[in-house]
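Residues or ranges marked as domain 'G-protein coupled receptors family 1 profile' by TrEMBL: 37-286. Here TrEMBL flags 20-44, 56-74, 94-116, 136-154, 193-217, 229-249, 269-288 as transmembrane segment.
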Amino acid sequence: NLSTVSEFVFVGLSDAPEIRLLLFVLFLLIYLATMAGNITLLVAISTDSHLHSPMYFFLSNLALLDLLCPTITVPKMLGALALEHKEISFSGCLLQHFSLIAVVGTEIFLLTVMAYDRYVAVCHPLRYPSVVSTKLCAQLALGTWAVGLLNSLLHTSLVFTLSFCGPNKIQQYYCDIPPVLALSCSSTRSRELVILLVAGVLGSGACVVTVVSYIYILREILSRDSPGIWHKAFSTCGSHLTVVCLFYGTTICTYVRPSFTYSPHRDRVVSMLYGMLTPLLNPIIYSLRNKEVKCALRRVISRV
């Protein structure tokens with residue numbers, strides 16, 4: 001109610017017509033490939049009985065998040081590139097911000113749950129069916145979505161209850177926390193501290209669980225003296241570990257730092273990595289490193 005800004009303008013994209021056309025084609029192809037890859041993965045998991053297990057249940061949730069993440073930001077960006085319609089209403093920016101933070105937060109917690117799933121599978125294989133039950137899987141998945149939504153609600157309320165009475169040009173191609181905070185005409189220090197504290201506690205907690213899970217997995221591998229144990233463990237955990245490193249690295253670089261270190265050009269590149277390339281690479285990583293997924297994809301393609 002204190003804000004006099006009714007809309008924001010994205011200025012994070014090139015104004016040169018020839019560059020805009022090139023970027024439009026490039027991002028459209030990446031977006032379509034991301035949609036195709038994750039939808040195919042979802043279809044394979046849902047239709048193939050060999051993939052009806054906890055690991056692939058969590059992977060289907062990850063594929064759904066990877067569908068939502070670029071869909072929240074890329075269509076608006078493509079419209080800005082093709083039609084030069086760079087404006088977004090205040091409420092539209094709020095909704096986009098809330099949706100994106102919810103998806104990103106949920107994915108962080110989901111990757112943590114997947115790390116725990118891999119820990120039980122490697123360290124307690126005989127107890128795995130009873131420990132990671134269908135009920136527990138549903139509860140963990142529901143919990144990750146709930147925490148992601150609540151986390152996003154807190155962050156969005158902290159950012160969009162500030163006063164915006166001056167500049168309205170967002171140095172980004174979507175409504176993200178650092179560039180929106182930079183436009184506020186009120187003091188943002190206390191809000192930034194709360195955002196950093198909440199993000200630090202939740203993010204570090206998720207990171208600690210993931211790291212501890214892999215420490216126990218490594219100890220279990222080293223304690224066994226059986227042929228092929230390294231190859232089996234890598235095939236079980238390699239895809240997840242690759243996705244974790246890619247996703248955590250880019251999100252931490254973007255969000256877990258004070259706003260005075262904000263650099264529009266650098267942040268634009270980093271946000272492209274986790275907002276567009278990570279959802280594109282996740283299904284590729286899991287399909288190339290997983291024989292069961294590759295076999296399921298072949299069966300889906302043959303049926304089609």
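From the backbone N, Cα and C atoms, a Cβ is placed for every residue, glycine too.
A mean pLDDT of 83 is what the model gives for the domain 'G-protein coupled receptors family 1 profile' (37-286). Put simply, of 20-44, 94-116, 193-217, the stretch with the most CB pairs closer than 8 A to the transmembrane segment (56-74) is 94-116. Taking pairs at least six residues apart, the transmembrane segment (193-217) and the transmembrane segment (20-44) share fewer than three Cβ pairs below 8 Å and do not count as touching. Within its own chain, the transmembrane segment (20-44) is flanked in space by residues 13-14, 51, 59-60, 63-64, 66-67, 70-71, 74-75, 77-78, 81-82, 276-277, 279-280, 282-284, 286-287, 293, 296-297, 299-300, which lie at least six positions past its ends and keep a Cβ under 8 Å from the stretch.
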